[in-house]
Amino acid sequence: KKGAWTAEEDIMLVSYVQEHGPGNWRAVPTKTGLRRCSKSCRLRWTNYLRPGIKRGNFTDQEEKMIIQLQALLGNKWAAIASYLPERTDNDIKNYWK
């Protein structure tokens, strides 16, 4: 299935992850009945549904860290995001541009 995620799909994914934990994304479509590929489920969880995601403006400290890490790692946004666990790699990439 393609297109926007529905609230029902989000609930199904959150329920599954709450019960089984994040990981083993290949099993998610089969176990939940979601008509989404495993990559889509993983990205939906990681970028939108995961608890603790921080939205909005970056702090001065976060900005300094992004600048330093980008100089060190280049445009490896997932690697940079691993140092800022409350931010998604996509948010960091969008901040940089």
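Quick reminder: no glycine exception, Cβ is built from N, Cα and C everywhere.
Among the features that TrEMBL reports, domain 'HTH myb-type' is placed at 1-53, 54-97. Annotated domain 'Myb-like' per TrEMBL: 1-49, 50-97, in sequence order.
Within the model, the domain 'HTH myb-type' (1-53) carries an average pLDDT of 95. According to DSSP, the secondary structure content of the domain 'Myb-like' (1-49) in residues is 34 helix, 0 strand, 15 coil. Here the domain 'HTH myb-type' (54-97) is broken down by DSSP into helix, strand and coil counts: 27 helix, 0 strand, 17 coil.
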